[in-house]
Amino acid sequence: MTRTTTPPPRAARRAVATVFFLNGAVFSSWVPRIPEVKDALGLGDGALGAALLGPALGAVVAMSAAGALVSRHGSRPVVRAALAAFCAVPVLIGLAPTWAALVAALTLWGAAMGTLDVAMNSAGMAVQTRYPRPIMSGLHGCFSLGALVGAGTGAFAAHLRLPVPWHLLAAGAAALVLGAVATRALLPAGDDALHTGPAFARPTRPLMLLAALAFAGLLAEGAAADWSALYLRDTLGAGAGTAGAGYAAFTLAMTVGRLTGDRLVAAYGPVRVVRRLAALAATGFTAALLVAEIPAALAGLALLGLGLACVVPIIFTAAGRSAGGPGPAIAAVSSCGYLGFIAGPPLIGMAAEAVGLGGALGLVAALVALLALGAPAVAPAGRARPHRAPARGGDGARHVPDAPEPPRPA
């Protein structure tokens, strides 16, 4: 077995993990303050819903440009610039005096968020190619941990009645300082800059398959997140606290799945992990919908979070091996994923008008089942830009994969 000649860049891995954590923390810190922003501006549900599309739309628009920037300049400078903007903009949301100003601030924040999403995943892939084992699920697990911390911090700030602008300013400033220190350890920009080649990813068949999986996975995730509490309350008759526990079960299971996902990928390979977890989630969530009882629904949501946990990290890892470099490919796949996340909640709402919310959530189970069927698309068929040429044995198998192959049966 051929071994790498240099130690893995642990400091760079910690730096990328910190960026993922800060991304989740800053974003989720604002979520508990949404009701106060709504009340301060006198917005109805429809107006607030339209405003909340801003971050996703801004992200989708910015992602293609972000991929081109990473391709030309490397992920490090793009991460640092995008993180600074991502931390600075939230205070504008808290200060917005009108609905139009709120939409503008949220859209600008989404553009910074989308740019950061592409750049930090590209930075993660740059570290991944130098690591002897998978790390991407763990990085996304750090985002989930940050989201839990940020949501708790935001809820505490709301409990203290801290003014929204001051809270968002403090959260952004703290993240900005931590990020400025942490990102000094990122790999040099030249390590993942192409300087030549396409600025945008070509729509090859493998890339389109990955984009379709990202669309389905994030559509299911967004729909489950937005409709789980309403399903528990309105369909099953749960109280407010129990209804909120549904999303908590989903999020905690997803966090656990991501933090343990790298070990699973190392042991069984990405295809088996996606196929088996997605099959488990689809089966468990379908059974929960059929039983239609509160305990079953909570268990089904936990299984759904667990099944979706590793999908996006594995898809991004597969996209990062594309011939055009990780930046443009991750940008293309992320854009499709964000479109799915945007489309999911309203699609479930329209379906619920026709067949009821329980029946509409069956579409989520069907999408997760499709993820299991599409799992072969994430197979590590080869690295487009390896750090060093992988050694091959007599059977043609790679012996230094960036995502280890599953053990073969004797």
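Backbone N, Cα and C atoms are what each Cβ position is placed from, and that goes for glycine too.
Sequence annotations record features per position, and here TrEMBL assigns transmembrane segment to 12-31 (among others).
Per TrEMBL, domain 'Major facilitator superfamily (MFS) profile' is recorded for 12-383.
What TrEMBL records for 51-70 (among others) is transmembrane segment. Long-range contacts of the transmembrane segment (51-70) within the same chain: residues 34, 43, 78, 82, 99, 102-115, 117-119, 122, 192-193, 199-201, 325-332, 334-335, 338-339, 341-342, each at least 6 residues beyond the stretch ends and with a Cβ under 8 Å from a Cβ of the stretch.
According to TrEMBL, the feature transmembrane segment maps to 82-102 (among others). Beyond the transmembrane segment (82-102), the same-chain residues lying 6 or more positions past its ends with a Cβ under 8 Å from any Cβ of the stretch are 19, 22-23, 26, 29-30, 33, 37, 41, 43, 47, 51, 54, 66, 108-109, 112-113, 115-116, 119, 163-169, 171-173, 175-176, 179-180, 183.
Residues 8-9, 12-13, 15-16, 19-20, 23, 27, 54-63, 65-67, 69-70, 75-76, 78-79, 81-83, 85-86, 89-90, 92-93, 135-136, 139, 186-187, 191-192, 316-317, 320, 326-327, 330-331, 334, 338 of the same chain sit 6 or more residues outside the transmembrane segment (108-127) yet have a Cβ under 8 Å from a Cβ within it. Among the features that TrEMBL reports, transmembrane segment is placed at 108-127 (among others).
Residues or ranges marked as transmembrane segment by TrEMBL: 139-160 (among others).
The annotation transmembrane segment is assigned in TrEMBL to 166-187 (among others).
Annotation comment: TrEMBL describes 207-230 (among others) as transmembrane segment. Long-range neighbours of the transmembrane segment (207-230) within the same chain, counting only residues 6 or more positions beyond its ends whose Cβ lies under 8 Å from a Cβ of the stretch, are 201, 243-244, 246-247, 250, 301, 304-305, 308, 311-312, 315, 318-319, 322, 329, 332-345, 347-349, 352, 357, 360-361, 363-364, 367-368, 370-371, 374, 377-378.
Here the transmembrane segment (236-261) has long-range neighbours at 134, 137-138, 140-141, 143-145, 147-148, 224-225, 228-230, 273, 277, 292-294, 297-299, 301-310, 313-314, meaning same-chain residues at least 6 beyond its ends whose C-beta is under 8 angstroms from one of its own. TrEMBL lists 236-261 (among others) with the feature transmembrane segment.
Marked as transmembrane segment by TrEMBL: 273-292 (among others).
Residues 121, 124-125, 128, 134, 136-137, 139-140, 210, 213-214, 217-218, 220-221, 224, 228, 232, 242, 245-247, 249-258, 261, 264-265, 270, 273-274, 277-282, 284-285, 287-289, 330, 333-334, 337, 364, 368, 371, 378, 402-403 of the same chain sit 6 or more residues outside the transmembrane segment (298-317) yet have a Cβ under 8 Å from a Cβ within it. Per TrEMBL, transmembrane segment is recorded for 298-317 (among others).
According to TrEMBL, the feature transmembrane segment maps to 329-348 (among others).
According to TrEMBL, the transmembrane segment annotation covers 354-379 (among others). Beyond the ends of the transmembrane segment (354-379), by six or more residues, the same chain brings 206, 209-210, 212-213, 216-217, 219-220, 223-224, 227, 230-231, 234-235, 269-272, 274-276, 278-279, 281-282, 285-286, 289, 292, 304, 307-308, 311, 314-315, 317-318, 347-348 to within a C-beta distance below 8 angstroms of the stretch.
Residues or ranges marked as region 'Disordered' in TrEMBL: 382-410.
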Checklist entry - Is the transmembrane segment (166-187) packed against any residues at least 6 beyond its ends, judged by a Cβ distance under 8 Å, and which are they? => result 9, 11-12, 14-16, 18-19, 22, 25-26, 29-30, 33, 75-76, 79-80, 83-84, 87-91, 93-94, 123, 126-127, 130, 150, 153-154, 157
